[in-house]
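Sequence annotations record features per position, and here TrEMBL assigns domain 'TRAM' to 6-65. Annotation comment: TrEMBL describes 302, 331, 352, 401 as S-adenosyl-L-methionine binding site. Here TrEMBL flags 428 as active site, nucleophile. Positions annotated as active site by TrEMBL: 428.
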Ligand SMILES: C[S@@+](CC[C@H](N)C(=O)[O-])C[C@H]1O[C@@H](n2cnc3c(N)ncnc32)[C@H](O)[C@@H]1O
C-alpha cells in the first residue's frame, strides 16, 4: 500500500510549465530543482506530466494533459506528425526552431566547453524548410504500424507498408502517404513502387520471419536534376525484377540511374553487396560552384545539398585561405570539403575511414581536374601520424568534420602537437564538439562560432567553430 502511494506521488506532476527545447528533440521542464525531459511538447505549454523514468539527476516524463498550449506552437503540416520519427519539431515555428538550435550550441560550449566565447554569428537558417533532402530510404514491411485511432476504430487495415521505421522499433514501419522531406518525384516514385508491388503480389518483407521479396527503396534527387533509384529485394527473381525495372523506367523516364540489390542478409545494409545498374549510369552528380561530385549508390553526400553549400562556404571563409596554405581535411568523407577548398589553397590532404569514400574523393578530384589533393583511407588516430606530417608538412589550417562521437582523444592530442594556425571544426553534435574544444583550448582560443541549420523541422544542428592558435 505504502509503495503504491509513493509511486503515485512520483507518477504525476501537475501543471508544469515547459521551459525550453534541448538536445535530442526533447523539451525541458523543472520540478523541485530537478530537470525533467519531455517529448512532444513546446516551451510555454502547461501540462500534467507522468514520470516514465527517474534517475538521480533528471527525470523523463510524458505529457498526459494539456492545460495551456504555448504561443510558439504552429499547426504541423504533415499528417504523419506525432507518429513518424522524421520531423519532430513541426509544431514549432521555424524562427523558434532556429533560436533553440543556436541556444543549444551556446549552452553546450559554455557548460561543457567552459571556454571564453566570442559573440556568435547568427545561425544560418535553411532557405528551404521542406523538400530539402536529396536522399530518402524507405523500408517495406508486412506489419505496418497502426496508430491508436486506427486500432480503436476496429476497422481492418492493409498491413503492407512502405515508409519509415517507428522510432525505437526495428520491426514496425509507418506507411507514408506523403513525405515533405524530398522534392518530386520522390513521393510519386514511392507510391508507384508500392502500387506495382501490391498489384503484382510481390510480398512485402517480414523482418521477424525473414521472408518476403520487397525490402527497401532508396531515392536520390541531385541538384543537377539527375535521379537515382535503388530497389532492394530479398531474393534473386530475375524475371520479376526485370518487369519491375522496366515499369519504373517507362513510368519515370527522368531516372538517370536505375539500380537494384539482392540482399538476403539479416539487415538492409548493402555496402558489402553488389549493386546492379539496370539502366543509365551507376552514379549521379551533385554540383557546387561548377565542381561536380560523383555520387554512387554507396557514397555519402550531405543530404541537404543547398545548405551543405552554405556550410562549406562558411567553412572556407573561416579557414581564411589565401592560396598558399597546406590544409588537412580530417574526416573528409567523399572529399567534398577537400575538393571544394582545393582551388583556394596550395595543397589539401584528406583523411577518411571508409575506403570506398576515399575512392570517390579521388574520382571527384580527377573529374574536376583538381591536382593538389591527396587522400588517405584509415582510422584517423593511425593515419594522422608524425610520419604523415613529416611527409606532407605541418598544416597551416586543419578542417575537421568528425562523426557524432567527435574526435578521438589521440587525434586531439595530435592536433595540439602538430599545432596548425587555425582549426575549423565542423560538427553535427554540439556536445562532443564542446568537449573537444575544451581539450583544444590548451593552445587555441575560439574566435568564431557559426551555427548552421541543415535539417529544418528536426532538432539537429550543425556548428562551425574557428579555433585560432593562442
Ligand atoms: C560528418 S561525416 C563528414 C563528411 C564530410 N566532411 C562531408 O562534408 O561530406 C564524418 C566522416 O568521418 C568518417 N569517420 C568516422 N570515424 C572515423 C575515424 N575513426 N577515422 C576516420 N574517419 C572516420 C565517417 O566515415 C564520415 O565519412
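Each residue, glycine too, has its Cβ placed from N, Cα and C.
Residue environment of residue 331 (S-adenosyl-L-methionine binding site) contains 19 other Cβ atoms, counted within 10 Å of its Cβ in all protein chains. Each residue contributes its Cα atom, and for residue 428 (active site, nucleophile) and residue 331 (S-adenosyl-L-methionine binding site) those atoms are 13 Å apart. Confidence annotation: the domain 'TRAM' (6-65) carries a mean pLDDT of 88 in the model.
Of all the Cβ atoms in the protein chains shown, 23 others lie within 10 Å of the Cβ of residue 302 (S-adenosyl-L-methionine binding site).
Residue 428 (active site, nucleophile) falls within neither a helix nor a strand when secondary structure is assigned with DSSP, and so counts as coil.
Between the farthest pair of Cα atoms in the S-adenosyl-L-methionine binding residues (302, 331, 352, 401), the distance is 15 Å. Residue 428 (active site, nucleophile) has a Cβ environment of 18 other Cβ atoms inside 10 Å. The most densely surrounded of the binding-site residues 352, 401 is 352 (count of other Cβ atoms within 10 A of its Cβ). Neighbours of the S-adenosyl-L-methionine site: apart from 302, 331, 352, 401, residues of the same chain with C-beta atoms within 8 angstroms of the site's C-beta centroid are 300, 329, 330, 332, 333, 336, 337, 402, 426. Helix, strand and coil residue tallies for the domain 'TRAM' (6-65), in that order: 9 helix, 35 strand, 16 coil [DSSP].
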